[in-house]
Amino acid sequence: MLRKLFVIIVVLVNLLLVSSRGYLLAADLEHGEQVFVGNCAACHRGGENSIMPNKTLKKNVLEENSMYSVSAIMYQVKNGKNAMPAFGERLEDEDIQDVANYVLSQSEAGW
């Protein structure tokens, strides 16, 4: 239990301080969760994928698909891919950044 809590804290601190693009983040994970629930959970509840079951938001799957970074997730959310619609016209950049950080924090914690 302590190890899991330590890992979560380390991940959250890293996500809040530095993104893969190298600039400071002001990630709001609570807001990211709200964005996720309102826009992503229909297909990705609990980190799963109801459309393409092999493309979950689980850490190992994100890593295998070169999607385990804020910038990669932000790009996919903005632009969509395959059955996933583009959210770049519907969501602000801050919303997308927060939801990307939320997804990474949840994937690190095991959803």
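Cβ coordinates are placed from backbone N, Cα and C, and glycine is handled just like the others.
Listed features, source TrEMBL:
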BINDING   CYS40, CYS43, HIS44, MET84  heme c binding site
DOMAIN    27-107  domain 'Cytochrome c'
SIGNAL    1-22  signal peptide
Q) If you draw a 10 Å sphere on the Cβ of CYS43 (heme c binding site), how many other Cβ atoms land inside? A) 15
Q: List, in sequence order, the residues of the same chain other than CYS40, CYS43, HIS44, MET84 whose Cβ lies within 8 Å of the centroid of the Cβ atoms of the recorded heme c site.
A: ASN39, ALA41, ALA42, ASN49, ILE51, LEU57
Q.
I'd like the Cβ neighbour count for MET84 (heme c binding site), meaning other Cβ atoms within 10 Å of its Cβ, all protein chains included.
A. 17
Q | Span of the heme c site, taken as the largest CA to CA distance across CYS40, CYS43, HIS44, MET84 (Å, rounded to a whole number) | A | 11
Q: Using Cβ-Cβ distances, find the residues under 8 Å from HIS44 (heme c binding site) that belong to the same chain and are at least 6 apart in sequence, listing them in sequence order.
A: PHE36, SER50, THR56, LEU57
Q) Could you give the mean pLDDT over the domain 'Cytochrome c' (27-107), rounded to a whole number? A) 97
